[in-house]
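**Student:** I'd like to ask some things about the structure below.
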Amino acid sequence: FIIAKAMMVHRLDRRFAFAILSIPGIGKSSNRILFTLGIIAVIISMWVSNTATTAMLYPIGLGILNTIAHLHSKDVKKLKYSTGLMLIIAYGASVGGIGTPVGTPPNLIGIGMIKQLLNKDITFFRWMLFAIPMVIIMYIILFFLIKLLFPPEFKELSGIDEYVVRERESMGKITTGERNVLIAFLITVVLWVFPGVLTLIFGSDAQCCKWWEAHIPEGLAAIIGAIILFILPQDYRERKGTITWKEAVDIDWGTILLFGGGLSLGSLMFSTGLAENIGKGILNLTGAHSLFSITAISIMLAIITSELTSNTASANMVIPIMISLSIAARVNPLIPALGACLGSSYGFMLPVSTPPNAIIYGSGYVPITRMIRAGIIFDLLGFLIILGGLFLFLPLLG
C-alpha cells in the first residue's frame, strides 16, 4: 500500500502509461488505443489498487476522447467507442488485479484464509504462475468482447500522438522521487519473486530456499520496500524522504483493517461451525458433491455476491463457507476456495459492484444499460475462464 501510494504521489504510474501510449503507431488506430489503454490498466492494477488505477487512467481516457471530439467535431458521449474505452479501463483494472497477491484485497484474504484454515502456503511467485496465464486469457477475451459490443465509429485517428507528446512534455524529465520509487518497487518485486525462482531451480528442500523462507518472508520484503521509500531522499537539501509520514498515513487503512477483520471473521465462522452449517445447507439445496460442481457454485456465488457488495466483503463471506462445504463433501477445498477468491473480483454488471465501475459510470460516457449488457456477458465468460483456468493452471501451484 505504501509503495502504491508513493507511485501515485510522484505520478510514476502516469509516466508509465504515457510512455506506452507514445509507442509509434498506437495513437493512429482506435483499436490499438483501446487495446493499449486496457493493457496499461491490467499491468498497473497488478501492483496498485484497481480503484487508483482507474482513477489515474480515467482522465487520460477523457483526454483522448476530448481530442477526438475537437478534431472530428463529434459528440463523443454518443459514440459506442467512448463507452468501450471507458469500460476497458475499469474492466481491465479488475482483470489485472488477480495477477499478483497484492493486486486486490480478495487475493490477500484468500491466501490468508487458505494458510489459516488449510495450513497451505501460496507464495507470491506461485500465485503469479497460475494467475498470469488466466489474466492474459481474460484480457484477450475482454478486448474482443468490447470491440464486438462497442465497435469504433472510425478506425484511423489523428491528433492523439500530439496529445500524448504534450502530456509527456508537461511532466518533464524523470524526477529523483520517481527514480527512488522505481528502485524501491523493483527491489520489493525481486524479493517477492526470487524465492520462487530458487525453488524452481533447486527444489523446495534446498538449503538456500529454506534459509530465504526463514529469514526473508514476503511480509519482510514489503517492509523493506517501504523503509527504502522513507530513507531515500527526494530532496537532499531538505532531507525529505521519497514518501513522508503524512503521505503514508493517507493510505487506505480501512481496507487493511477490513482485511484483518475478515480473517478473524472467517476463522470464527469456521471454528463455531457457522460456515459448516451454511455449507451443508448449500449442499442439500444444490445436490453438488463433486469437486467440479462445488467449484462452479463457489465461483458463481462469489460473482453474484460481488455484484451487490464490495469484493472484499464477498471474499470474507464466501471463502470460509466454501472451505467448510468442500470439507463436508470430502473434496479438496483449495480449488473452491481459490474459485471464491477470484470470483470475488468479478463484479462487472453494476456501478455499485466495484469502485472502478462507479468511476467510469460517473463520467457520463457509459449508460447503465450498456454497462449491464457488457457486464452480464463478461460475468458469464469470467465464470467459465476461472472454472477452466483453475483446473488447467492450478498444478503450477505445486
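Heads up, the Cβ atoms here are built off N, Cα and C, so glycines get one too.
All TrEMBL annotations are machine predictions without curation.
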**Student:** From the ranges 253-275, 345-367, grab the one TrEMBL calls transmembrane segment.
**Tutor:** 253-275
**Student:** Is the transmembrane segment (214-232) in contact with the transmembrane segment (281-304), using three or more Cβ pairs under 8 angstroms as the rule and ignoring pairs under 6 apart in sequence?
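**Tutor:** Taking Cβ pairs at least 6 residues apart, the transmembrane segment (214-232) and the transmembrane segment (281-304) are not in contact, as fewer than 3 fall under 8 Å.
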**Student:** How about long-range neighbours of the transmembrane segment (214-232): same chain, 6 or more residues beyond its ends, C-beta under 8 Å?
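**Tutor:** For the transmembrane segment (214-232), the nonlocal Cβ contacts are 2-3, 6, 101-102, 123-124, 180-181, 183-185, 187-188, 191-192, 195, 241-243, 245, 248.
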**Student:** Given the transmembrane segment (84-104), which of the listed stretches 33-49, 124-146, 181-202, 374-397 has the most Cβ pairs that are under 8 Å apart from it?
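**Tutor:** So the stretch in question is 33-49.
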**Student:** Quick one: find which recorded stretch in 33-49, 124-146, 181-202 has the most Cβ pairs under 8 Å with the transmembrane segment (374-397).
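**Tutor:** Result: 124-146.
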